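Novice: Questions regarding the structure given below will be posed in turn.
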Amino acid sequence: MRIKGKNFDGEGGEEEEQKLVVGYALTLKKKKSFLQPEFERLACIAFDFGYGYSVSVRARVCTAFCMNIKKGILFVAIDVNLPLSDQGPFDIILHKLLGKEWGDIVEDYRQTHPEVTVIDPPYAIQHLHNRQSMLQDVVDLNLSDFHGRVGVPKQMVIMKDPLSIPDEVAKAGLKLPLVAKPLLVDGSAKSHKLFLACDWSSLSELEPPLVLQEFVNHDGILFKIYIVGDAIKVVRRFSLSNVNQCQLAKVPGIFPFPRVSSAAASADDADLDPRIAELPPRPLLERLSKELRHRLASYFFSPYQARDGIGLRLFNIDMIREHGTRDMFYVIDINYFPGFGKMPDYEVIFTDFLLTFKKKKYRAISCED
């Protein structure tokens, strides 16, 4: 088979490239959602041909030579029961396992194997496990007038004593309704359960530690902004409808939030008011993702290292637009290594992301030669 004038069937003397070896340490659930067959097939034929071609084009050539060439991206499962240094060799380590012990193992490996790219450094990820600290980075950014305004809803942290919550909330000046979120994000289903508190007395029914965040009316649409290296992909998800004071008086209590991460909640094909459906400005998202990536890295690395791209590469931002405005946005959550399998065209986007490391690898080899 010839593509762009080159042979890729092993018969034309084309010099074979070594595979880019990606060691992965993921939970079974994450592996199933992320390493889908179509993604692995595309990654298998990842080389220069891959850039700029659609999923369907790559898939057509995949069967012809995916199993016959020694090039592309190879995914290898990491055995967490064996020393990491005894496995590999790897070009990249891709991981999403929690716990200090695992974090120490990966960090030690990263220090002793600087030639291996770790996606992402464990201690840069930790900052996103706390819902208070993750949004503080947004507060500290100066994006008040950059193709739009970005802020976070007014919020507070409750560490203990549920009975004191109504008084603490009143002292802080927060207004109902309030979104209640577990303070820590530990990967469990419980850490992703959110509630809407609609009256003062029900606040004492909540279980600390938690974050209480003022609910901002946003016309029932949430923007999920996926970050994969330098690539940005935005999708719309249905969310809670606007709430007014009359409605609050009629529905006292605490109500579970619907999950908006599911692809079934997609609003991309819905018939929406264009003012509501309009995506956040691209320049704003590029600036926000860049600043967050480097700011999160700066907690653990020197400014030079952070600027050099050691920051987080895989995360998503949940953003809403305030009802009645065009350019007032709020970041309500940030997640590390989210469900990329639900992102449209994730196979191509993630394959191209990994290809950037393959190109760097061959440039380094060429320099050594």
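The backbone N, Cα and C atoms fix where each Cβ goes, glycine too.
In case it helps, TrEMBL gives these features for our protein:
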type	residues	note
DOMAIN	70-125	domain 'Inositol-tetrakisphosphate 1-kinase N-terminal'
BINDING	Lys96, His192, Lys224, Asn335, Gly339	1D-myo-inositol 1,3,4-trisphosphate binding site
BINDING	Arg131, Lys181, 213-224, Ser239	ATP binding site
DOMAIN	147-355	domain 'Inositol 1,3,4-trisphosphate 5/6-kinase ATP-grasp'
BINDING	Asp318, Asp333	Mg(2+) 1 binding site
BINDING	Asp333, Asn335	Mg(2+) 2 binding site
Novice: I'd like the per-state residue tally for the domain 'Inositol-tetrakisphosphate 1-kinase N-terminal' (70-125) from DSSP, helix first, then strand, then coil.
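Specialist: Counting residues per DSSP class in the domain 'Inositol-tetrakisphosphate 1-kinase N-terminal' (70-125), I get 20 helix, 12 strand, 24 coil.
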Novice: Measuring Cα to Cα, how many Å separate Gln213 (ATP binding site) from Lys224 (1D-myo-inositol 1,3,4-trisphosphate binding site)?
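Specialist: A Cα-Cα distance of 18 Å.
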Novice: Can you tell me which of the binding-site residues Arg131, Asn217, Asp219, Ile221, Gly339 is spatially closest to Asp333 (Mg(2+) 1 binding site)? Compare CA atoms only.
Specialist: Arg131
Novice: Provide the number of Cβ atoms within 10 Å of the Cβ of Phe215 (ATP binding site), excluding the reference atom itself.
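Specialist: Counting Cβ neighbours of Phe215 (ATP binding site) within 10 Å gives 21.
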Novice: Distance between Asp219 (ATP binding site) and His192 (1D-myo-inositol 1,3,4-trisphosphate binding site) at the Cα atoms, whole Å?
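Specialist: Roughly 22 Å, rounded to the nearest whole number.
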Novice: Please name the residue among the binding-site residues Gln213, Asn217, Ser239, Asn335 whose C-beta has the most neighbouring C-beta atoms within 10 angstroms.
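Specialist: Counting every other Cβ within 10 Å of each candidate, the maximum falls on Gln213.
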Novice: Where Asn335 (1D-myo-inositol 1,3,4-trisphosphate binding site) and Asn217 (ATP binding site) are concerned, what is their Cα separation in Å, rounded?
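Specialist: Given the Cα positions, Asn335 (1D-myo-inositol 1,3,4-trisphosphate binding site) is 22 Å from Asn217 (ATP binding site).
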Novice: What are the non-local neighbours of Arg131 (ATP binding site), defined as same-chain residues 6+ apart in sequence with CB under 8 A from its CB?
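Specialist: In sequence order, Lys181, Pro182, Leu183, Leu184, Val185, Val211, Asp333 meet the Cβ cut-off.
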Novice: What count of other C-beta atoms do you get within 10 angstroms of the C-beta of Phe223 (ATP binding site), across all chains shown?
Specialist: 22
Novice: Report the largest Cα to Cα distance, in Å and rounded to a whole number, among the residues Lys96, His192, Lys224, Asn335, Gly339 that the record lists as binding 1D-myo-inositol 1,3,4-trisphosphate.
Specialist: 20
Novice: Among Lys96, His192, Lys224, all listed as binding-site residues, which has the most CB atoms within 10 Å of its CB?
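Specialist: Going through Lys96, His192, Lys224 one by one, the largest Cβ count within 10 Å is at Lys224.
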